[in-house]
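According to Swiss-Prot, the protein has these features:
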- 134, 135, 136, 137, 138, 139, 140, 141: ATP binding site (BINDING)
- 241-244: motif 'DEAD box' (MOTIF)
- 333-364: region 'Disordered' (REGION)
- 338-347: compositional bias 'Basic and acidic residues' (COMPBIAS)
- 341-502: domain 'Helicase C-terminal' (DOMAIN)
- 354-364: compositional bias 'Basic and acidic residues' (COMPBIAS)
- 626-667: region 'Disordered' (REGION)
- 746-786: region 'Disordered' (REGION)
- 748-757: compositional bias 'Polar residues' (COMPBIAS)
- 758-777: compositional bias 'Basic and acidic residues' (COMPBIAS)
- 807-857: region 'Disordered' (REGION)
- 842-857: compositional bias 'Basic and acidic residues' (COMPBIAS)
- 872-891: region 'Disordered' (REGION)
C-alpha cells in the first residue's frame, strides 16, 4: 500500500494524527527518523524504541509515541532560541546581551569570555566605574566594547556623542575602531576616528554628522574640542585604554582638561596593563567608587613556571646570554624551520595566513623574550645575537610604531625566535604563549618580575624563566625571594631537594662555555666599529640605570654581602646536574683568589725584598706603617653595625614587655593597616644609654602611645568615614598592585614627556627651561586657560573651524540634545559606522605649469591643457565655471591687471552707448 501524504498542521506544535494511522507501512523508516531527530540530546529521558514498539500492543501507543517526539522537538527549539546555540550557561549568553550583539560575538569567534571579560563586563553593565588590570593580550578591548554597544544599542536622533574612547597612539585607536566595527555590525551606531596626522577639515565634517562613539587620541581630541567648542555633556561612557601609556607619553594635561569637561554622571572605565602610582591618583580624582579588577590576585606566578637564577659577573653577561641560548635552551640558528612566507600577502580577502600560530600556541618551540633595561641594550644585544646567527626581533618605547608592529608580527608569526624588548615596550604588546623568558637585566621590583614572567606558562603549558644576577643585583634577588615566599637554594645544595617551580634556585653557569662566548663577543666588538660604539653607549646607559632604579631593602643588602662572599655563589647551577667533581669548583675558587689578590707592597717596595741595600722610599713606607693605625675592613664595619643594632632590639623588646597589659598590640595595628614600607618612615636612635633607660621615661598612667589601648581598631575602622564605600577598598587593592616601570630611554619620572627640559635662548645666550614656554611665562608661545584652569596652546583656537563652516556654507549647527538635521550636500555623512561614506585621499591636484627649459615641456603642456579642460584643481574656477563668485584676491588681482592695461594703452576705457 503506498504511503499517503501527510496532512498539513496549523502549527509546528500541533500533531498530525494521520501519520499514526499509516505508521505500519514503513516501521523501520519511522524508527530511523525518530532516532535521527532525537540523536545527541539528553534534555528528556525518553525511551523511543519502547514507545514505537508499543504500537504492536494497541492503537493508542503510536499516538503517544509521536506526540512525545513532537514535544521533545519543540522543547529543543525553545531552548536553542537564545543565542541560536545549545551551549550551557556561563558564557556570553548568561550576561543578558541582545541577540544581535551575541551574533556578532559568535561571528567574531568568541565562544567563552576571558577572565578579564568575565569579571569586568557584569560590573560595567551595572553602571559601575571599573579599573581593569590584566596581562597584555587578555581581551581588554572587548571587555569595554561589548558593554558599550549593549548600552548604546542604536543611533540616537538627538545631537551629542554618547561614548568616548581615549587611546595613546594612532595604531591602537585604529585597532579599537576595528573591534568596534566588528561588534557593531548589527547596529546603526556611528563611529568616528580622531587621530593626529589626518586632515582637520575632514574631522570637522565627521563631528558634524552626530557620531555616537568617538575614538580619539588626547592631543587631537582636545584640539577639536577647543577649536569647535564641543559640548561634552552628552557623554555617558568614557574609556581610557592603555592608561599607563597615556600618562607616560605626557598626556596628563590633556586628560585633565578633557575630564573636567565631562559630565559628573558619566561612567568611567580605565584599562591598563600596569598601575603606576600617578594613575592611582588620577583614578581617585576621575572615578567614583571604582572597582579594581585584576587577574593576578590569587596566584602571583603560574605554578607551571620553572625558574633558574644564574650568578654572573657584570662583564660576562653577553657571554652568559649566549651560553643560555646555546646550551640551556638549545636554540637553533637561522630562520625557524616551520616558518613559511605568505604567498597572498597582497590579497585583501586573506586576513590570516595558514601558517600563523593559534593564540594559545607557541609561535615556535624555542620562542624566547629577553628583557633589558634601556633601548641601548636592546640595539646592542640585537646586533650581537644577529652576528651569532639567530633570528631576532626587537622593540622599545621610542621605536616607530610601524617598525614595532613589523618586528612583533615577525616574532608572533614564528619568523624569529627571539624578541629583545624593554619593560616599557613589552607592556603594550600582544604576545602569545612563550616558551622562555630571559631577564638580562634583573628587575628592581618584585612586581616587575611577576609582570615579565607572566608571559610564559599560560593556558596550562610549561614555561621557563632564566635570570642573570650579578653582585649588585643580589639584594633585589633576596627581595624577590621574600616577596614570593619561596626557599632559597644556592649552589649544589641538595639537602632538601630543589624544585625549580617552587624554589628560588641560584647557581653559576659553566665556566668553559662562558669564557668561550666572552672571547667571541670581544672579537666581534673589535671587528665591528658600530657594535663597539653601541657598547660604549650601553656602558653609560647602564650607569644611569643603576643610579636611577629603586633601591633594595637594607636587610636584603646585608644578606646579599654574605651570599656573594659564600662559596656556594660560584658553584655550578643544579640545572646542569649534581657536580661530584670538585676540580671545577677549586679552579673557580683559585681564579677568584687571583682576581681578588691585593699586594701589601707599594710600587716603591717592589724588587727590594732582598738583603741588599734598602732605598730611602722603602724606609719611608715602613715608618708610615708604624705610625698609621690599622684601618678597619668592610666586614669589620658591618660587624660593628650589627653590634650597634643589638641595643635597639633590646629596646624594642622592653617596649613590647611594658605594653603586654594593653588590650591591643602594636603588631596587630600594623597588620590591620597594612601600610607599605614607602608610606611609613621609622627613625630609630642608636644611643645605647637611652636604650638602657627606655622604660624610665614612660609613665604607665599618663603616657600616650600612637596605638589605641582600650579600643578595638577593627571596630573603629568599621565606623570610619569611608567604611562601606568602595573608595577605601580600591585604595587598599591598588596599593598592592601599584608598580612604576623605569623609563627605557631617559631617567625622567613617570608621566613626564620624554624630551629635553632645556633649550637655547638666542636672545640671552643661555639655556632656559622649557617649562617657562609651556606655562606661558615666556612670550614665545601663547597660551590660553582651559575650562579646568590648566594652560593649553593658543593655537588650538585658530578659527579654522569657522572658516571651514563658512566655506561649506553651514549655518548654526544644532546643539546637544536637539534633533539632528539633514546634512548639506557633499558632506557625505563622514565617519566609519552606520551608513555614510568617507571621502579621503581623493583630492585632485592640477599639474604644474610647463617649463620651457625641461625635456618634458610638451608633455607637461598637454597635461595642463587637459586639466584646464576638465576643470581640475586650480583650474576649477576658470571661464565657464558654475561658481562665478570671485573671492577678494581674485577681484584685487583683476583690478590690478586692468589698471596696468589702462596705463599701457594710455587711453580711457570705452564707454557703452546708451
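Placement of Cβ uses the backbone N, Cα and C atoms for every residue, glycine included.
Quantities reported herein were computed from a predicted structural model and do not represent experimental measurements.
Here the features listed in Swiss-Prot are placed on the structure.
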{"residue": "138", "record": "ATP binding site", "CB count, 10 Å": "19"}
{"residue": "139", "record": "ATP binding site", "CB count, 10 Å": "16"}
{"residue": "140", "record": "ATP binding site", "CB count, 10 Å": "25"}
{"residue": "141", "record": "ATP binding site", "CB count, 10 Å": "23"}
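For the compositional bias 'Basic and acidic residues' (842-857), the DSSP-based tally of helix, strand and coil residues reads 1 helix, 0 strand, 15 coil. Residue counts of the motif 'DEAD box' (241-244) by helix, strand and coil are 2 helix, 1 strand, 1 coil (DSSP-based). The DSSP secondary structure for residue 138 (ATP binding site) is coil.
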